[in-house]
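Record features (TrEMBL):
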| type | residues | note |
| --- | --- | --- |
| REPEAT | 27-68 | repeat 'WD' |
| REPEAT | 69-111 | repeat 'WD' |
| REPEAT | 118-152 | repeat 'WD' |
| REPEAT | 153-187 | repeat 'WD' |
| REPEAT | 203-244 | repeat 'WD' |
| REPEAT | 245-280 | repeat 'WD' |
Amino acid sequence: MSAEKRPAEDDPMLWRTYGDCENYGILNGHKGAILDLQWSRDSEVLFSASADMHLASWDLTSGTRIRRYVGHEEIINTMDISRRGEELLISGSDDSTIGIWDPRTKSAVDHLETDFPVTAVAISPAGNEIYSGGIDNDIRVWDVRKRAVVYTMLGHADTVSSLRVSPDAQSLLSYSMDSTVRTWDIRPFAPTERHIRTFDGATMGLEKNLMGASWDSQGKRVAAASGDGTVLVWSTETGKLMYKLPGHKGTVNCAEFGPGTEPILLSASSDRTMLLGELR
């Protein structure tokens, strides 16, 4: 891991979030754009998904690659990791499959076949359900043990670009190229109509990137990246737009709340900058 080596476009970079927020590490190894990143449960390992059709895991102490995960045949757009029980890594690819991985082995445990490129995935904290979205606009819910779709949630009118399970594991947050953010009831015995709320105001931008949305640690607010260079924050209880945060000069591709109780928000943009701030 070296802070001196000039990073390539396909190298994950590590930054401090205090002081001068300097870059203190570059992870070398991918041969394509990095499209998603996930922390391990203990925050000692970073997982990456790349356009080079591979996943990778990285030791954040040494900066070395631990493992390269091989099996997808097209770009990997998205990934997630279970938070309880057996640690599972899942990935979604343009090859129309969802990969299920044991992070300790380089080959997939299984691949779930779909009919369309997979652009968003999420896994329940216990690892028993997978949520997937793609270019067909629908959200599918999979039983991991049965390897089968148990129900589908309809409503988006364009590609699903992001999926996130709420902190209490009772709701799913989705973002779509139809410029809407939605929440869904994913409790086992929820009513047939699972749609909870639609949040309007975001724009997708000209690039049609797979833009992201996230929950805060309490599940009381959601944030979404927007194509007009802003980040939007809504109340999940009222649906009211609380903030429209400017600062970027290009499409914002992701907006992430910090893991703690402090209202810290990080955004990353096509203008090649990241902004870190605290909500009032």
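Positions of Cβ are set from backbone N, Cα and C atoms, glycine also.
Remember, predicted model here, so these are calculated numbers, not experimental data.
For the repeat 'WD' (245-280), same-chain residues at least 6 beyond its ends with a Cβ under 8 Å from one of its own Cβ atoms are 15, 17, 21, 205-207, 209-218, 221, 223-227, 229-233. Mean per-residue pLDDT, taken over the repeat 'WD' (203-244), amounts to 94.
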